[in-house]
Amino acid sequence: LLFAEFDDAANLLAANPDATTISIDEPTEIPKNQHGRLQGPGREEDDELLGTDDSDKTELLAGQKKSAPFWTFEYYQTFFDVDTYQVLDRIKGSVFPVPGKNFVRLYIRSNPDLYGPFWICATLVFTIAVSGNLSNFFIHLGKPTYHYVPEFRKVSIAATTIYAYAWLVPLALWGFLMWRNSKVMSIVSYSFLEIVCVYGYSLFIYIPTAILWIIPEKVVRWVLVMFSLCLSGSVLVMTFWPAVRDDNRRIALATVGTIVVLHALLAVGCLAYFFDAPELDFPAPVIPAHNVSTVITKS
């Protein structure tokens with residue numbers, strides 16, 4: 001068979017070799033917006049909150065690195081590969097949470113780190129210990145029977161409490177999300193490093209709060225702790241609620257409720273132990289009576 005249009009095209013090319021040819025092919029890929037419509041109108045919002053859309057996949061594929069063995073220094077160096085501007089931006093995001101925005105997607109997913117959480121916890125430990133000692137000093141200031149003695153054990157107690165919370169609770173939550181993900185495919189499991197990062201940055205608001213706890217007024221202290229709890233707790237809720245809301249309703253609510261209760265127990269426990277400890281009654285010093293011996297002489 002002979003096609004006339006091909007002969008005409010060949011003749012044109014022979015007459016003008018410098019002519020530009022254009023090839024028109026049928027598109028083989030489905031547009032992204034059409035693919036999103038096939039998934040459903042509400043799925044785009046879920047991907048926006050959870051960070052599971054195509055932009056994240058492209059970003060992760062573009063930033064793939066060869067992972068070093070865990071026994072080498074280079075393996076742990078990647079956990080601290082963050083600059084000052086990123087840390088400040090993440091601190092700002094934890095102090096001023098944006099409603100409807102996921103903290104992991106906005107600040108953490110591109111480069112989760114341990115630098116910020118480690119130093120935030122260390123600063124919080126010393127802030128609570130020092131502020132607790134100063135609070136105890138100001139409460140008993142002016143009492144003649146009070147002798148100030150620094151309580152260095154508060155540093156070790158605060159360090160054990162805060163670092164245990166910042167590591168054990170994320171570990172338990174990570175294991176729970178992995179377990180639920182094996183049962184419900186729509187459950188999104190964050191990495192352990194991402195969960196630790198969220199918890200570490202959420203504790204920053206308690207550093208200025210612990211400094212203000214020095215004020216010897218219980219009403220002011222409890223107002224401050226409630227305000228800080230609402231800010232830091234909202235970061236955790238807005239981060240983990242989109243990941244579990246496709247699960248069973250009771251399990252999802254119980255998970256978020258447990259996260260909030262544990263976070264509240266940390267704040268209230270630190271306030272009650274380090275700042276609102278019951279005042280001790282210092283008894284007046286007992287002056288020992290001198291033994292008076294009387295000599296009786298017989299006349």
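In case you wondered, yes, glycine gets a Cβ from its N, Cα and C as well.
Marked as compositional bias 'Acidic residues' by TrEMBL: 44-53.
Sequence annotations record features per position, and here TrEMBL assigns domain 'Yip1' to 95-267.
The annotation region 'Disordered' is assigned in TrEMBL to 23-54.
As annotated by TrEMBL, transmembrane segment applies to 114-135 (among others).
Same-chain neighbours of the transmembrane segment (155-179): 117, 121, 124-126, 128-129, 132, 187-192, 195-196, 198-200, 203, 240, 243-244, 255, 259, 262, 266, 269-270, 273-274, counting only residues six or more beyond its ends whose CB sits under 8 Å from a CB of the stretch. Residues or ranges marked as transmembrane segment in TrEMBL: 155-179 (among others).
What TrEMBL records for 191-216 (among others) is transmembrane segment. Long-range contacts of the transmembrane segment (191-216) within its own chain (CB-CB distance under 8 A, at least 6 residues past either end) are made by residues 79, 90-91, 93-95, 103-104, 107-109, 112-114, 116-118, 120-121, 123-124, 127-128, 131, 134-135, 138-139, 162, 165-167, 169-171, 173-174, 224-225, 227-228, 231-232, 235-236, 239, 263, 267, 270-271, 274-275.
Counting same-chain residues at least six beyond the ends of the transmembrane segment (222-244), those with a Cβ under 8 angstroms from any Cβ of the stretch are 46, 49-50, 93-95, 97, 99-104, 173, 177, 180, 187-190, 198-199, 201-203, 205-206, 209, 212-213, 251-252, 255-256, 259-260, 263-264, 267-268, 271. Taken from TrEMBL, the feature transmembrane segment covers 222-244 (among others).
The transmembrane segment annotation in TrEMBL covers 251-275 (among others). Beyond the ends of the transmembrane segment (251-275), by six or more residues, the same chain brings 128-129, 131-132, 135, 154, 157-158, 161-162, 165, 169, 173, 176, 180, 202, 206, 210, 213, 221-222, 225, 228-229, 232-233, 236-237, 240-241, 244-245 to within a C-beta distance below 8 angstroms of the stretch.
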PLDDT averaged over every residue in the domain 'Yip1' (95-267): 89
